[in-house]
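These features come from TrEMBL:
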- 71-138: domain 'Cation-transporting P-type ATPase N-terminal' (DOMAIN)
- 193-287: domain 'P-type ATPase A' (DOMAIN)
- 785-955: domain 'Cation-transporting P-type ATPase C-terminal' (DOMAIN)
- 119-144: transmembrane segment (TRANSMEM)
- 156-175: transmembrane segment (TRANSMEM)
- 301-322: transmembrane segment (TRANSMEM)
- 345-378: transmembrane segment (TRANSMEM)
- 760-780: transmembrane segment (TRANSMEM)
- 792-809: transmembrane segment (TRANSMEM)
- 833-853: transmembrane segment (TRANSMEM)
- 865-883: transmembrane segment (TRANSMEM)
- 903-922: transmembrane segment (TRANSMEM)
- 934-952: transmembrane segment (TRANSMEM)
Amino acid sequence: MASSSFTVSRYRQPERGSVTRFHEMPAEVREVVIEMGAGDQAGPGSGSSTVDRSTLSKLVKEKKSDLLDRLGGVEGIAASLKTDLQDGIGGDDEDISWRTKAFGSNSYAKPPGKGWFGFVWEALVDPTIVILLVCAALLLGFGIKEYGTEDGWYNGGSLLVAVFLIVFVSAASNFRQNKQLDKLSKISNNILVNVVRTGIRQKISISDIVVGDVVCLSIGDQVPADGLFIGGYSLRVDESSMTGVNDPVEVDKDQNPFLFSGTIVADGWAKVMVTCVGMNTTQKSIEQTPLQARLKKLTLLLVKFGLVVGFLVLAALLMRYFTKDTTDENGNKGFNGSKTKVDDVINTVVGIIATAVTVVVVAIPGGLLLAMTLIHAYTMKKMMAHRALLRKLSACETMGSATTICTATPALLRNRMEVTKSVVGAESMEGRSYTHIADNVFQLLQQGIRLARGSVHKLFSVAPMDDAIHTWAVMKLNMDMDNSTQGLSILDVEASCPEKKSIGILVERQQDNTNMIHVHWRGDFERILSSCSRYYDNSGQAKVLDDEQRATFRQTANGMAPSGLRCIAFAHKYLSKEEYKNERVHLKVPDKDLILLGFVGLRASCHPGVKQAVENFRLAGVDVKLITGENISTAKAIAMECGILENDESIVTGEEFRRYQEHVRVQRADNIRLMARSSPFDKILMVQCLKKKGHVVAVTGDGTNDAPALREADLGLSMGIQGTEVEKENSDVIIMDDNFASVATVLRWGRSVYINIRKFIQFQLTVNVAAMAINFVAAVSTGETPLTPAQFLWVNLIMDTLGALALATEKPTDELMNRPPVGQSDPLITNIMWRNIVGLAAYQIAVILALKFKGKSIFGVDENVADTLIFTIFVLLQVCNLFNSRELEAKNVFKGIHKNKVFLGITGVIIVLQVIMVEILKKFAHTERLDWKQWGACIGIAAFSWLIGWLVKFLPVPKKPILHSLIN
């Protein structure tokens, strides 16, 4: 590796209790400090490893300093592990292989999960399934005994096949849900870690870390594995998750070089050598979302109704049979006292029990939770395609209810900046050549830009702001960045507020006999200007910065803000070595009596689609607020460019908002569109105020300090590119492209979750209500139900599985974004849905009961054909019911149907299977073949429900929710 053009002197460890400012310096400089410091360490050793896994584990976990000394310190262990403390490990397949075999992999020991057959067994032992299996077995036995093997197996066999089909579907549903959870867990735990291998910094998955790896850590990072401190600056680690101690622990090479897996870097930067792998991570338990909890409550309620109806059907059928009120297929009484064979009685009673249990099975809306699983899986997949990663299943539901979004500038602006205006010395550079800049000012500015950017090492990335300033310096000022810091050694680095990007650097020129130290500051214009007492004029002379000149500079800078420019200033001073020694005691880079070198205005344009996204949010009834650390003028320009702010809308600063009394804050929170000069605490206050007013609040984070606000919000959205690991760990959704327009996509899909589950609820409840009413009336009046148990289970399969799959894949429409948010306490079943359910179910009940009582005379057919017509019409009614459920309010249920290929495919499959059951599997399904006229009648009667659904939507509904307290 080539040597750098300047070096960093050996680090001093801050005194206990002192205030460390390193955490707020730009990433590039911190990395330079680490890189230079790490270079002072010993190189790799040779030979095979002389330490085993248990020794390394004990070394860190028990903080064995004496053992570390006996092993030769960090350098000795590095030599044993064949690790170069600067360039890392080799990282080839052979190298990774022996490290993994010797020390293990960085993954948790996953407990053996439940396999496919485990879910099948779980479904088989369900009480209703057990009863149906027993009934099927008895029917099979009695049927074969009475009619022989060839014809006697149909009743029991068809029921047995139907039951096993239900078991398969139930097991598949639970298996899929488990896989979905496992996938979500893997995504959540797949943290990317910066490592150095063969001298090149690269990102790898946390599970790919091996013993000996050199890991680069920065503020907000999770320590990926146990390790030893190699080099760094002001490293402080939050070990509260392991020790319970809330105060961050300082880590250094001499006193405490030990780092634990899972802890969080609270401050500083460091390079760490991994000594022990194996994450102490447990698999997540199944997360029940709020909507799933409400669906479970609805399911339990319908189960109770189903049990009541099933019991009534059982009682009615038994009473009709034993009171001699039923006849067999030959017209004889079904039960004729002692004249009836015992086998016939048992066979009939078993059939009655099977019918009653089947009624209960059909009444139980098992498809609700399956539909929820399918909707979640489909939504996660689609959101990932739109650059949004769900970390929690409940996130999409919450986003569908969001009423307010508090965002920050990183989500609105591109991750690229450019210098559009600049002042060097006392003059604007517009229309001026760099040749007019005084030599000393040119050299000092060049040095300051080079140091602040930290581009001395090609391995490290740069921030957009530093990259823009560097490009401006090279392209506009013709600066030579490669040699500008030749012979300089960094002595100290300090940063202030991270939002202001202020950084101070102390450097010493090697082989310099002037006894002087150079001090460079770069940062927020107001902060730097307030620290300056002089400035350089055009000739390079330092002049006193009087009030008049200060006002001139401020006026120029303020003129940049309305254009959305971020103003960054550079300043400099000389310091004697004696003064430097005095300042070191206070751990402070001098920031007084500076000489202003110049300042620049940087512009970052909005992400494409941001303005349209903000407008879409407004149409959707979602308020967007910008909460930023920028000054008011710059923040206002950004907010207006993005469409968040209008001229007469409320603007406050974070300080003003903090000073409000609590009731005033809560009162004014709704009207605030822009909060400038805000801190992370101000964002938390805003979220709390909005939640007190009943809002569902989403927050986009822009840094580690936003983690508390993300936790406080109902929905936390972190940035995938600029966000820290702490921010991501505390978020519910990761916006992979850092684009606010992707947040609008999350909203669309979040709302589709609610609307799709409501569609399925309407579909299933229509069938449930119709089936329970039909079975009860038919059982009481005729002593039998219109459909056989196997036929009912086929209808149940349509409801629970195929219907769920068809409606789960409905894509969000533009109309969704023109409606107000769905409140988390809003009725799950709206009055509009009740109207549709009652209207459509009433039609189904009327049709099926009419056919049950008068079907033979209406069609002029025998009883078997009439029963087949009833079965076919009932199935086709559910196909039409699927179409009616696509639109809860709109009258055109066919709109956009051609875009949902899955829906069309499923309805086609249902129709084809029904034809097969009627025309081919007639003995198995207890059906008779139908002619084309009869098929036409079935289709016509079923299709008439479309007209019923259209007419029903003209009926007004009451505003007060129906059965809200009972169901919701």
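Cβ atoms here come from the backbone N, Cα and C positions, even for glycine.
Per-stretch counts of Cβ pairs under 8 Å to the transmembrane segment (301-322) identify 345-378 as the leading one among 156-175, 345-378, 934-952.
Among 156-175, 760-780, 833-853, 833-853 has the largest number of CB pairs under 8 A with the transmembrane segment (934-952). Tertiary proximity for the transmembrane segment (760-780) is limited to same-chain residues at least six positions away from its ends with a CB under 8 Å from its CB atoms, namely 298, 302, 305-306, 309, 312-313, 316-317, 320, 359, 362-363, 365, 367-368, 371, 786, 792, 795, 799-800, 803-804, 807-808, 828-829, 833, 836-838, 840-841, 844-845, 848-849, 852, 877-878, 881-882, 884-885, 888. Non-local neighbours of the transmembrane segment (792-809) in the same chain are 159, 162-163, 165-166, 169, 173, 355, 358-359, 361-362, 365-367, 370-371, 374-375, 378, 756, 759-760, 763-764, 767-768, 771, 785, 874-875, 878, 882, 885-886, 900, 902-903, 906-907, 909-910, 917, 925; each lies 6+ residues outside the stretch with a CB under 8 Å from one of its CB atoms.
Same-chain residues lying 6+ beyond the ends of the transmembrane segment (833-853) with a Cβ under 8 Å from its Cβ atoms: 758, 761-762, 765-766, 769-770, 773-774, 777-778, 781-782, 786, 866, 869-870, 873-874, 877, 881, 884-885, 888, 941, 944-945, 948-949, 951-953, 955, 957, 962-963. Helix first, then strand, then coil: DSSP counts for the domain 'Cation-transporting P-type ATPase N-terminal' (71-138) stand at 40 helix, 3 strand, 25 coil. The average pLDDT computed over the domain 'Cation-transporting P-type ATPase N-terminal' (71-138) stands at 81.
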